[in-house]
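Enquirer: Encoded as structure tokens, here's the structure I'll be asking about.
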Amino acid sequence: MKPLAVTLGDPSGIGPEIVAKAWSRRKSDQIMPFFAIGSAASIQAVSSIPVVAITDPNEAISIFDQALPVWDIPSKETITPGKPNKAGAEVAFAALEKGVALVKQGQASALVTAPVSKAELYQVGFTFPGQTEFVANRCGIAADDAVMMLAGPDLRTVPLTIHIPYRDVLEQLTPKLIISRARVTVEDLKRNFAIPSPRLVVAGLNPHAGENGTIGREEIDSIEPAIRQLQAENIDIKGPFAADTLFSPRARATYDVALCPTHDQALIPIKTINFDNGVNTTLGLPIIRTSPDHGTAFPLAGKNKADEGAMVAALVMAANSAHNRQAYAQNSIDG
């Protein structure tokens with residue numbers, strides 16, 4: 001398989017540090033070869049690991065055991081850990097463009113993206129709500145057809161609505177949206193995670209899942225019709241269930257992924273249960289994309305205090321997903 005492509009994110013954040021630390025765990029965690037894309041200087045500013053510049057992803061395979069291969073995108077200004085600037089945002093933007101292009105061209109097996117600062121990116125022409133929507137756009141996929149899934153060793157969740165105010169959730173949470181997100185989720189749990197018959201559950205929006213309409217009708221008017229349609233398509237999906245009881249160990253054993261009406265319903269349990277190794281992966285794309293489920297953490301940058309666990313988990317998930325998708329495609333041909 002081709003190496004993984006890993007963007008460094010904002011070079012003033014913890015991205016360079018966690019990528020360097022992940023490379024240092026390449027043997028103990030059996031991480032497949034990868035190359036970083038971004039400012040090589042930003043890695044050298046926070047780590048003493050050996051770095052080798054490359055101009056061809058194929059070079060990464062032979063270099064990886066001895067040094068971190070880097071597709072260098074130099075900054076126009078000095079990069080200072082913890083102090084983001086426009087030049088750093090330009091590097092992060094360019095790295096993301098390059099990473100998507102290389103994976104689309106088949107020169108890398110999957111894309112792993114370190115955290116960026118959207119506030120900084122907006123200063124240099126970035127117009128998307130986040131990296132998920134950017135990657136979908138560059139892959140020719142409508143934003144509504146790209147599904148964010150958060151995953152850890154103990155739980156997977158999908159937020160049905162993402163970065164919108166709560167007052168807008170009621171309008172966006174339609175049967176059409178739920179059905180679309182569920183279909184994409186089922187397909188990629190099969191392709192990327194080798195789960196032949198995915199089990200889905202849906203959380204209610206209102207307290208106690210609406211109490212049969214006495215605390216809101218979203219469950220009756222939007223969620224239940226979607227579930228009935230999906231069940232008619234032979235998808236294993238149940239709900240709506242009260243969100244406050246859906247994430248206990250006993251409940252989690254009954255499903256493979258929980259679809260959650262709101263952003264925080266999906267992210268709070270992941271960050272509570274799997275804070276140090278949660279991964280954000282985008283479903284519905286022609287490529288594999290994962291990301292550690294945390295931000296740039298500018299106050300930690302340059303202090304050697306950043307935990308690389310989520311980056312390691314994102315690398316492992318990307319490699320496994322690429323392998324599973326390849327096997328799924330081959331089985332489809334053979335079958």
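Cβ coordinates are placed from backbone N, Cα and C, and glycine is handled just like the others.
Because the structure is a prediction, the values reported are computed rather than measured.
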Enquirer: In Swiss-Prot, His208, His263 are given as binding divalent metal cation, so which of His163, His323 is in that site too?
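Expert: Looking at His163, His323, the one Swiss-Prot places in the divalent metal cation site next to His208, His263 is His163.
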Enquirer: His208 (divalent metal cation binding site) has how many other Cβ neighbours within 10 Å of its own Cβ?
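Expert: His208 (divalent metal cation binding site): 16 neighbouring Cβ atoms within 10 Å.
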Enquirer: At the Cα level, what's the spacing in Å between Arg289 (substrate binding site) and His263 (divalent metal cation binding site), rounded?
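Expert: With distance taken Cα to Cα, His263 (divalent metal cation binding site) is 19 Å from Arg289 (substrate binding site).
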Enquirer: How big is the Cα-to-Cα gap, in Å, between Thr132 (substrate binding site) and His163 (divalent metal cation binding site)?
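Expert: His163 (divalent metal cation binding site) has its Cα 11 Å from the Cα of Thr132 (substrate binding site).
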Enquirer: Sequence gap of 6 or more, Cβ distance under 8 Å: name the residues on the same chain that satisfy this around Asn280 (substrate binding site), in order along the sequence.
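Expert: Listed in sequence order: Thr132, Met148, Met149, Leu150, Ala151, Thr290, Ser291, Pro292, Asp293, Ala314.
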Enquirer: Could you measure the widest C-alpha to C-alpha distance across Thr132, Lys271, Asn280, Arg289, the residues recorded as binding substrate, and give it to a whole number of angstrom?
Expert: 20
Enquirer: If I take the alpha carbons of His208 (divalent metal cation binding site) and Lys271 (substrate binding site), what is the distance between them in whole Å?
Expert: 22
